[in-house]
Amino acid sequence: MEPGLSGERRSMAPLLEYERQQVLELLDSDGLVVCARGLGTDRLLYHFLRLHCHPACLVLVLNTQPAEEEYFINQLKIEGVEHLPRRVTNEIASNSRYEVYTQGGIIFATSRILVVDFLTGRIPSDLITGILVYRAHRIIESCQEAFILRLFRQKNKRGFIKAFTDNAVAFDTGFCHVERVMRNLFVRKLYLWPRFHVAVNSFLEQHKPEVVEIHVSMTPAMLAIQTAILDILNACLKELKCHNPSLEVEDLSLENALGKPFDKTIRHYLDPLWHQLGAKTKSLVQDLKILRTLLQYLSQYDCVTFLNLLESLRATEKVFGQNSGWLFLDASTSMFVNARARVYRVPDVKLNKKAKTSEKTSSPEVQETKKELVLESNPKWEALTDVLKEIEAENKESEALGGPGRVLICASDDRTCCQLRDYLSAGAETFLLRLYRKTFEKDGKAEEVWVNVRKGDGPKRTTKSDKRPKAAPNKERASAKRGAPLKRKKQELTLTQVLGSAEEPPEDKALEEDLCRQTSSSPEGCGVEIKRESFDLNVSSDAAYGILKEPLTIIHPLLGCSDPYALTRVLHEVEPRYVVLYDAELTFVRQLEIYRASRPGKPLRVYFLIYGGSTEEQRYLTALRKEKEAFEKLIREKASMVVPEEREGRDETNLDLARGSAALDAPTDTRKAGGQEQNGTQSSIVVDMREFRSELPSLIHRRGIDIEPVTLEVGDYILTPELCVERKSVSDLIGSLHSGRLYSQCLAMSRYYRRPVLLIEFDPSKPFSLAPRGAFFQEMSSSDVSSKLTLLTLHFPRLRLLWCPSPHATAELFEELKQNKPQPDAATAMAITADSETLPESDRYNPGPQDFVLKMPGVNAKNCRSLMNQVKNIAELATLSLERLTTILGHSGNAKQLHDFLHTAYADLVSKGRVRK
């Protein structure tokens, strides 16, 4: 067994020189660390986790994912740490969580659990050593973490707060974004570590890997398609600006349209007025998304996959034709022509043929048989083959380096990895032919023509992969060819070993059918077992790490893995000497730099494959430039930032920790009699556990109102013993109205509380309209949201609707509604369920007969209680006279309706109906 491939996993490499400087700075003073992408914020966090893995400490970690927590725990276990971090999830009973906290060490817990435990006192706040915040740039968007830090600082003035992030671009939006983040984190220091930092740059330059940049030239057809897509993209952007003059012109540039964050940028501008936009603008936004996908497919996948996407768009031409016409531009025609030319070509019809003859013989079926398949190979495939050939040649003379070096090929996603595996296993011809057959099954006759030509001399065949010798694909795989097939477990689908194929062209029918069964264009294809008749072994998963034969070659995706550290594990366990970057990804490039620097003396060569002059190259360069500009902006902000001494909240002078009206930015309303409603009783609100995903509980708490988190079946907020609130966002409101769930909720609230309230909360940055534009000029329908809302208020007369533009307005409204009112009881609120029968509000009435009586003509919510107070049961009600009913109901018309309903015979009703007809 070879070194580095044993069952024992390797521990994380020791800190580098500049990383030690980061740790010393952060140990000296709390702060926010902003690193460049890939420079190892996880390594920094891991070091602090290791420092505090001791029962004498109690450190909380926020904003980590389960996969990351598992990775950190495993790494600490490898290093022999005894007191490992623990996870606090909903599987641990609430009454036993206090014991978990008092055992000390590192605690990974969800934000909702921590908020509830802070509010209920289950967590010993005064014993907390500190809090580590991961992905600190999200502290404003995710309100729960900010709430936790505020609760922590209110009860603990000594503990530390250290925050980490590697997303500098996130601070580039909004006004004083980084300052607001630091305010929510209660930190005064900002530590910036860009890639161009002197300490980082000088150290990594001393240990930089050998980089071989290979600028691959796109084929003429690919260049023509790229130009056409860019022309269409530019036309759509101009039209979008024309229809929406208020949009920022700089952000809607063609360069920004190529980057990944463009969809988020355009939604940021259009969301506030999305309901006011016409169909044209909405269609253009969708078109931009499709065009960006086309650009990605062009450079990422093969010619057949790209053509299949285009043809599917053409198949939905009617849908697009109603909204936008980019499919009918000249550039679109050029794109389709060149995309088809990469896959097949139709021979020119001789001009001297008579028109009648051509009409008789040019049926669609006959024309299809005249297609000659071209199946243009991806230029990067050939570059990859050349690289593997070079690596193999070097491995033959690698005795001085300790044997052949392992190879790691990194592509963007699972689909690309599967295509590379199949290409290296079967060759370009077989792979593309199989994919063509799978995608365009109806063109069977055309395939036969191409296959027949292929078996002959084949002068018309123009597949690019034929330009190199047939033995070339197999030469690179001479060592892997003898390996056994791998059957990977489901959780290891992201790891794929490159397998060899037979030397001869797969002309045998059985072999071709075998190849056709291999999935190539779907992500699931990575999990398909590659079978060969000569190899029928089921080896363990260790075979994926090359224990059987050398040199080991692994293909791994850069993105899309369920485990974010899958690639890191492969890198450190396989220890490749050669890394082939099939796709450019900034984070992994930096990760390779750190990997090389942490292994001094061990060679590492990185092959960088990129299309020269392509949108792929432009995207990579734009990402670099945006990160550099973001750091430059942060450096300027740091130089001019004014940070108050009390920012860390270690004394009582920090206003952010104050509760009540003194802490609010809004001016005090003197009409409220100076707040005389505070008569010594602390205000409180009973809140449902599920509501802690929103920002509202945090804002209520900041207003000086205590929160009692419990599990409620009826309502979301209990403000007073009589006032129950059901909170709905606009989308939730519409869904609940359509499903009937809101009716059941209002029924339960009306039954058990005197003042049921429906709170409709909408985001001020996302205005909405319950009815489409021009709806009032049309006939109203019962399916409309407005109609259903009207029916709801008619059915529940005591139900009140509250419209709030933001959680801040809701918190202020709740405070006003609670003035001079008694406080709710959490135990009573928890006891109220949809099936409750004996309750303070309804202990005198049976809910079943009450609902039945309300359905009778003449009985409504106003006279129902009077009727139930004076009549014992339904049998007695049926014996009452009209005069007695008039006295009870207080209205002669209602009394007559009820009396007629109870005493009119069914036959009389039928006869009256016939008379009316």
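Keep in mind that glycine also has a Cβ here, set from the backbone N, Cα and C atoms.
Under the heading region 'Helicase-like', Swiss-Prot lists 1-457.
Confidence for the region 'Leucine-zipper 1' (233-254), expressed as mean pLDDT, is 77. Residues annotated as region 'Leucine-zipper 1' in Swiss-Prot: 233-254.
According to Swiss-Prot, the feature region 'Leucine-zipper 2' maps to 270-298, an assignment based on similarity to another entry.
The number of other CB atoms found within 10 A of the CB of LYS289 (N6-acetyllysine), across every protein chain shown, is 12. Residues annotated as N6-acetyllysine in Swiss-Prot: LYS289 (among others).
Taken from Swiss-Prot, the feature region 'Disordered' applies to 454-524 (among others).
The compositional bias 'Basic and acidic residues' annotation in Swiss-Prot covers 454-479 (among others).
Feature annotation from Swiss-Prot assigns motif 'Nuclear localization signal' to 487-492; the stated evidence is sequence analysis.
Among the features that Swiss-Prot reports, compositional bias 'Basic and acidic residues' is placed at 507-516 (among others).
Per Swiss-Prot, region 'Disordered' is recorded for 643-681 (among others).
The compositional bias 'Basic and acidic residues' annotation in Swiss-Prot covers 643-653 (among others). Each residue of the compositional bias 'Basic and acidic residues' (643-653) gets a DSSP state, and the totals for helix, strand and coil are 4 helix, 0 strand, 7 coil.
Annotated region 'Nuclease' per Swiss-Prot: 659-814, in sequence order, evidence recorded as similarity to another entry.
The domain 'ERCC4' annotation in Swiss-Prot covers 684-764. Per DSSP, the secondary structure of the domain 'ERCC4' (684-764) breaks down as 34 helix, 26 strand, 21 coil.
According to Swiss-Prot, the region 'HhH2, dimerization with ERCC1' annotation covers 838-906, on the basis of similarity to another entry. Residue counts of the region 'HhH2, dimerization with ERCC1' (838-906) by helix, strand and coil are 42 helix, 0 strand, 27 coil (DSSP-based).
The annotation N6-acetyllysine is assigned in Swiss-Prot to LYS912 (among others) on the grounds of similarity to another entry.
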